[in-house]
């Protein structure tokens with residue numbers, strides 16, 4: 001069975017699984033676990049949860065309670081999936097408790113005394129522009145920011161811990177903490193049942209140096225600076241709260257409720273509103289132009305040049321004419337000769353098939369809405385589990401090619417398929433995780449989660465690779481359409497433009513060009529902590545990437561064979577795979593132009609993870625190009641008469 005047919009098997013299996021899932025789901029009201037709507041009556045309790053502190057300057061998340069914020073009597077961790085843990089999410093309860101549709105003004109949370117160590121930590125976090133993330137009814141907290149240039153409101157995820165500024169008439173820069181929060185909960189009310197659903201969670205943070213009269217009496221103390229009875233509400237930060245060792249900080253909040261016409265099903269639209277759809281369409285049009293250009297070249301080769309070649313070769317009658325033949329038919333006795341390091345090529349192809357299956361399945365689920373941003377960690381969890389399950393196809397593909405190359409030790413190729421890429425990825429991940437752990441960040445993966453990852457690898461992925469490899473090796477070997485000569489033919493001297501290094505580097509430009517605009521949005525969502533949800537665009541770009549990789553490899557492979565160079569196996573893999581070089585270079589460009597990372601550890605994390613992503617992209621695109629070229633060579637050499 002050829003690799004494309006095997007990939008079709010994966011698509012068929014996926015379609016059957018999706019059909020079974022959709023048939024078994026209730027048709028009337030189907031909701032994903034954890035994202036079903038909650039109905040609230042008036043005065044029902046609303047529990048606010050806190051999440052990690054994040055910063056685009058350091059990329060190192062920290063637990064909310066790593067800073068001297070007010071704590072509840074007992075801190076309870078919310079249930080987290082594997083994806084949330086790997087993302088560094090640490091969701092915990094908080095002392096903020098609301099009552100549905102019951103506004104509260106100037107509520108005291110606690111009074112905290114800040115020592116030297118805590119003051120230093122607060123100042124560091126404020127200088128690094130850390131934001132506090134909270135969650136209410138699975139909606140993230142946002143800060144509305146009015147944009148005067150567009151006469152619209154944009155939303156920033158989470159509020160800053162504090163700000164740096166100066167007192168009037170002073171040049172000394174001070175650090176101030178946001179200790180008063182004005183929350184706004186938007187709800188949609190059902191007119192018939194009087195039940196309400198939360199559709200928005202906003203906040204405006206203020207820094208206010210609170211004052212009170214008499215003795216402090218926990219939450220019964222009346223504040224001079226914030227008293228609803230005296231109409232003294234916090235509307236600005238004219239008297240901000242400075243962060244200084246030995247000073248006390250009083251944390252307060254208001255909460256208001258506002259009825260909204262937005263329905264629960266559309267409540268994420270505001271958060272995901274993007275004003276750059278035109279750029280995405282430009283990306284698609286740009287990619288389609290590349291595909292049309294390549295398709296035209298392939299059509300010209302297949303329908304005109306190649307058809308003419310095949311007709312001419314098949315019409316050669318005399319032996320003298322046959323001896324004078326030139327071009328790609330001349331190397332028919334060597335074109336299917338096994339390449340050097342054929343074992344490694346089989347491993348790379350098997351790993352690429354595993355990646356292809358993982359991305360295909362994950363993106364189909366994402367397009368269907370199963371992996372929306374409301375299902376935190378769902379995307380990463382789905383990718384991990386799908387990767388593990390696709391080990392079956394990785395083993396199958398690598399063993400089929402290994403047997404075609406006359407290999408006999410199928411267990412050896414299976415072990416390398418199961419451990420080469422995952423081993424490299426796990427090694428890089430372990431080193432980067434150690435760096436995060438050294439910074440005492442909550443983004444460090446705990447030992448239990450690391451053990452779970454190893455268990456998934458050794459307990460599920462490796463056995464599936466062995467099963468797939470066993471099934472693949474039992475199949476009859478893939479037969480070449482022409483016989484291979486015993487003595488290899490000498491490759492003539494090539495023109496400069498057919499130099500392997502040159503053609504490989506040229507071949508990677510167009511696949512990268514087809515995806516680089518969408519790549520900008522992906523990097524922005526990962527490193528600038530923004531939501532990425534336009535999986536329809538992404539799936540279309542993925543299809544375009546597949547077509548581009550296949551076509552550019554076929555074109556360059558045809559030119560290579562016409563110049564009587566039959567060493568196409570590795571070159572076809574590297575031609576489209578070289579797009580990973582441009583991806584990594586673009587990641588470096590993005591780092592220096594869009595990010596404000598200053599810490600060495602953060603820079604190492606960025607380039608470490610982008611190196612890993614580029615390696616995965618190399619394996620994926622290389623496999624696509626190789627399979628396309630393998631299909632092309634078998635097609636053309638089975639179409640001519642070989643004496």
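Each residue, glycine too, has its Cβ placed from N, Cα and C.
Going by TrEMBL, these are the annotated features:
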{"type": "SIGNAL", "residues": "1-29", "note": "signal peptide"}
{"type": "TRANSMEM", "residues": "281-303", "note": "transmembrane segment"}
{"type": "TRANSMEM", "residues": "344-371", "note": "transmembrane segment"}
{"type": "TRANSMEM", "residues": "377-397", "note": "transmembrane segment"}
{"type": "TRANSMEM", "residues": "418-438", "note": "transmembrane segment"}
{"type": "TRANSMEM", "residues": "450-473", "note": "transmembrane segment"}
{"type": "TRANSMEM", "residues": "494-527", "note": "transmembrane segment"}
{"type": "TRANSMEM", "residues": "533-561", "note": "transmembrane segment"}
{"type": "TRANSMEM", "residues": "573-592", "note": "transmembrane segment"}
{"type": "TRANSMEM", "residues": "604-632", "note": "transmembrane segment"}
Positions whose Cβ lies under 8 angstroms from the transmembrane segment (533-561), at least six residues beyond its ends: 272, 274, 280, 283-284, 287-288, 290-291, 294-295, 297-298, 301, 306, 327-328, 331, 335, 359-360, 363-364, 366-367, 371-373, 498, 503, 506-507, 510-511, 514-515, 518, 521-522, 568, 571-572, 575-576, 579, 621, 624-629, 632-633
Maximum Cβ pairs under 8 Å to the transmembrane segment (450-473) - stretch from the list 344-371, 377-397, 418-438, 494-527, 604-632: 377-397
Same-chain residues near the transmembrane segment (573-592), Cβ under 8 Å, at least 6 residues beyond its ends: 345, 348-349, 503-505, 507-509, 511-512, 516, 519-520, 523, 527, 549-550, 552-553, 556-557, 603, 606-607, 610-611, 613-615, 617-619, 621-626
Same-chain residue ranges lying at least 6 outside the transmembrane segment (494-527) that approach it to Cβ under 8 Å: 56, 59, 276, 279-280, 282-283, 286-287, 290-291, 294, 534, 537-538, 541, 544-545, 548-549, 552-553, 556, 559-560, 563, 565, 571, 574-583, 586-587, 590, 594-595, 606, 621, 625
Spatial neighbours of the transmembrane segment (344-371) far in sequence, C-beta under 8 Å, 6+ residues away: 3, 6-7, 10-11, 14, 18, 32, 378-379, 382-383, 386-387, 390-391, 393-399, 401-402, 405, 407, 413, 416-417, 420-421, 535-536, 538-539, 542, 569-570, 573, 616, 619-620, 622-624, 626-627
